[in-house]
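Annotated features, as they stand in TrEMBL:
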ACT_SITE  D19  active site
BINDING   D19, E206  Mg(2+) binding site
BINDING   20-24, R32, H36, 64-66, W68, R70, R187, 193-195  substrate binding site
ACT_SITE  N67  active site, proton acceptor
Amino acid sequence: MNVSTPSASIPRHVAVIMDGNGRWAARRRRPRAIGHRAGARTVNLCIDFCLARGIGALTLFAFSSENWGRPEEEVGALMKLFVGALDREVDELHRRGVRLRFIGDRRRFSEAIRGRMAAAEARTADNTRLTLTVAASYGGRQDIAMAARSLAEDVAAGRLRPDEVDEAALGARVALADLPAPDLFIRTGGDLRISNFLLWQLAYTELWFTETLWPELGIEELEQALGAYASRERRFGLTGEQIANAQDAVPGEGHS
Ligand code: FPP
């Protein structure tokens, strides 16, 4: 109970499921890849929004571990889009003080994409305005399983005692462990689920959903999401009265 309450109104970390690109394209009788291309424009809008509003971390679910099972043509188009975005956008992101990182199983990407990811991370590593994390070939269960494996390896090697395996030890080994947990989760496209995104990290995150398809999301709706966030009372398992009495004491901060 020794950490401060997150700022009342502005989330420090926003996590987003960018859903609805395929439906956006289908409504226009266009290939799904065109929807993803339109979705990439909304990514830029979202980054601009976070920079303008002083949000320090943005995590985007760009490609799930399950998305590899989509039709080959769509996976290929998404890979082309990622390469193009990495080639085109990194200079500008760097100039604007964005630190770019990737989470997920990058062994499944081609050498060309892995190289670009590593180069973009190295180039932007010292930037501090916004940490932009792209979840690619990412799955929340896989994330937790890998953290559990890392703990098991340390126990087997005698570096850790079994009774040292606790929430803090596991939480330190999942993705994004160095960032505050997401304060606000946004999902576009109308589905009301988490879809194996940041399962551990979203434990106390405020959830916000919209029917709007990702390519059509605009600043007004992002403002609405922030407004909804600001109006919520975050109790972290405590009572409203306790929170009111101890504005500066919230348990589990960092992984709450
Ligand atoms: C989900 O919509 C979206 C994706 C699987 C891909 C998201 C990728 C982008 C927005 C492209 C650019 C990203 C970066 C980081 C450069 P869907 O295809 O499941 O839509 P549907 O539910 O309507 O079919």
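Each Cβ is built from the backbone N, Cα and C atoms, and glycine gets one as well.
When secondary structure is read from DSSP and collapsed to three states, G20 (substrate binding site) falls in the coil class. With the fewest other Cβ atoms inside 10 Å of its Cβ, the least crowded of the binding-site residues W24, W68 in this structure is W68. Checking the binding-site residues G20, S65, W68, R187, I194, E206 against ligand 1 with a 6 Å cutoff on the Cβ atom leaves G20, in sequence order. Comparing the recorded positions S65, N67 by how many other C-beta atoms lie within 10 angstroms of each C-beta, the top residue is S65. Each residue contributes its Cα atom, and for W24 (substrate binding site) and the residue listed as 'active site, proton acceptor' these two points are 18 Å apart. On the backbone, the CA of R187 (substrate binding site) and the CA of N67 (active site, proton acceptor) stand 17 Å apart. Here the CA atom of N67 (active site, proton acceptor) lies 13 Å from the CA atom of H36 (substrate binding site). Using CA atoms as reference points, the recorded positions D19, G20, S65 were checked against E206 (Mg(2+) binding site), and the closest is D19. The two recorded residues, S65 (substrate binding site) and the residue listed as 'active site', have Cα atoms 15 Å apart. Within the same chain, residues at least 6 positions away in sequence whose Cβ sits under 8 Å from that of G20 (substrate binding site) are G35, T188, G189, G190, T212, L213, W214, P215, E216.
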